[in-house]
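Notes follow the structure.
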Amino acid sequence: MKLNGAISYSCVGDSKEEEETPASETSPPPASIVVGYALTSKKKKSFLKPKLIRLARNKGIQFVPIDLRRPLSEQGPFTIILHKLEGKDWSQVIEDYQRLHPEVTVVDPPDAIQHVRNRQTMLEVVADLKLPDSYGKVCTPRQLVISKDPTSVPDEVAKAGLTVPLVVKPLVVDGSVKAHELFLAYDHISLSELEAPMVLQEFINHSGVLFKVFIVGESIKVVRRFSLPDVTESDLSRTSGVFCFPRVSCAESSADDVDLDPAVAEHPPRPLLEVLARELHHRLGLQLFNIDMIRQKGVKDMYYVIDINYFPGYGKMPEYEHIFTDFLLNLAQSKFKQ
Ligand SMILES: Nc1ncnc2c1ncn2[C@@H]1O[C@H](COP(=O)(O)OP(=O)(O)OP(=O)(O)O)[C@@H](O)[C@H]1O
Ligand SMILES: O=P(O)(O)O[C@H]1[C@H](OP(=O)(O)O)[C@@H](OP(=O)(O)O)[C@@H](O)[C@@H](O)[C@@H]1OP(=O)(O)O
Ligand SMILES: [Mg+2]
Ligand SMILES: [Mg+2]
């Protein structure tokens, strides 16, 4: 591929050697793509792994940390900026910078990211989609937002006709541990114990398996994770109250290499994922996100999107190094063409 008419690189997949040859034995091309990044130290550790850095370097991409204590405009020059940080201040910094430097590709725009930091707005986009259902139907669980006064919750839930069990999720996803503190509620009354603002979402039986659909621009990768087990009628009749549950579908819960019933293990159909990812990519205005999807038990080809995460844990996505470096090259190339 050619950039600035000066450097030519091989394509991803041409050779495995590009990542396996020690850097000292090759002379990588001078970096022509400078990627400034503003990430938490946790994200930096899980994403900017040595293999990614090495592969990027061999393709002329250099990652440079953004110094948050210095004005952004005094740093760089950058070709691309990658970021995932919390707070209005940071969003403002990025927006101001983008206005001043339209030549830099900021991945992704803060207002688009904001959309998926709220569990109501993130799923509204999915609910509004009118996808052809030739490969299955995609919808979202019925849910109710409780903004304040949890004492009125039992009434509101009854009025809305939501059925138990309900998954209770904090409304705002702000990167904190608390934003991932979820509960399963077996009755309406106990809901008044919980802290608003929150989302009450109908629990969908899905045979305990969840699909994480990772999106990087136009690329899609799916992994399988374990999830909450189904809730039976007899569980419902025997249980009451609300129960906090841990992060069930984290990376350690991979179900990729597990012997499962093929009907449960089978990934959602590729054409369905392609159209869903494409639509969300455009409607959300995001390039980097993942979708948590489940297949309803006992209903043929019925899929639910239950969560969308911005700049998720790509470090756990197979071949992410190749996919991500290709993505960056494409971004830089299309900017150059413009
Ligand atoms: N409506 C639902 N029906 C069935 N199971 C659900 C539902 N919502 C959530 N779950 C289960 O709870 C888990 C966590 O829910 P969710 O993905 O919304 O939380 P999160 O904290 O945003 O997770 P993440 O770490 O992916 O950001 C899911 O992986 C799934 O196992
Ligand atoms: O590292 P981060 O803080 O971005 O954590 C994100 C985490 O990635 P990690 O695996 O690198 O922890 C993601 O996991 P996967 O869905 O990809 O498995 C997901 O849980 C996001 O919701 C988290 O972002 P948050 O919602 O808290 O902003
Ligand atoms: Mg999730
Ligand atoms: Mg989430």
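For all residues, glycine too, the Cβ spot is worked out from N, Cα and C.
A TrEMBL annotation is a machine prediction, not a hand-curated record.
Under the heading domain 'Inositol-tetrakisphosphate 1-kinase N-terminal', TrEMBL lists 34-113. Here the domain 'Inositol-tetrakisphosphate 1-kinase N-terminal' (34-113) has a mean pLDDT of 97 out of 100.
What TrEMBL lists as 1D-myo-inositol 1,3,4-trisphosphate binding site is K43, K84, H180, K212, N309, G313. Sequence-distant neighbours of G313 (1D-myo-inositol 1,3,4-trisphosphate binding site): residues of the same chain at least 6 apart with a C-beta under 8 Å from its C-beta are S46, F47, A251.
Counting only same-chain residues six or more apart in sequence, the Cβ atoms lying under 8 angstroms from the Cβ of N205 (ATP binding site) belong to D230, V231, Q296, K297, G298. According to TrEMBL, the feature ATP binding site maps to R119, K169, 201-212, S227.
Residues or ranges marked as domain 'Inositol 1,3,4-trisphosphate 5/6-kinase ATP-grasp' by TrEMBL: 134-329.
Positions annotated as Mg(2+) 1 binding site by TrEMBL: D292, D307. Counting every protein chain shown, the Cβ of D292 (Mg(2+) 1 binding site) has 18 other Cβ atoms within 10 Å.
Among the features that TrEMBL reports, Mg(2+) 2 binding site is placed at D307, N309. Other Cβ atoms within 10 Å of the Cβ of N309 (1D-myo-inositol 1,3,4-trisphosphate binding site), summed over all protein chains shown, number 17.
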Handout entry: Entries of N205, K212, D307 (binding-site residues) sitting next to ligand 3, with Cβ under 6 Å as the cut-off
Key = D307
Completion exercise
Same-chain residues at least 6 apart in sequence with Cβ under 8 Å of the Cβ of F203 (ATP binding site), in sequence order, are P141, V164, P165, L166, V167, L184, L228, V231
Practice task
Starting from D307 (Mg(2+) 1 binding site), work out which of the binding-site residues listed here (R119, H180, S207, V209) have their Cα within 10 Å, and give them in sequence order.
Solution key: R119
Handout entry: Neighbourhood of H180 (1D-myo-inositol 1,3,4-trisphosphate binding site), C-beta criterion under 8 angstroms, separation at least six
Key = P170, V173, R247
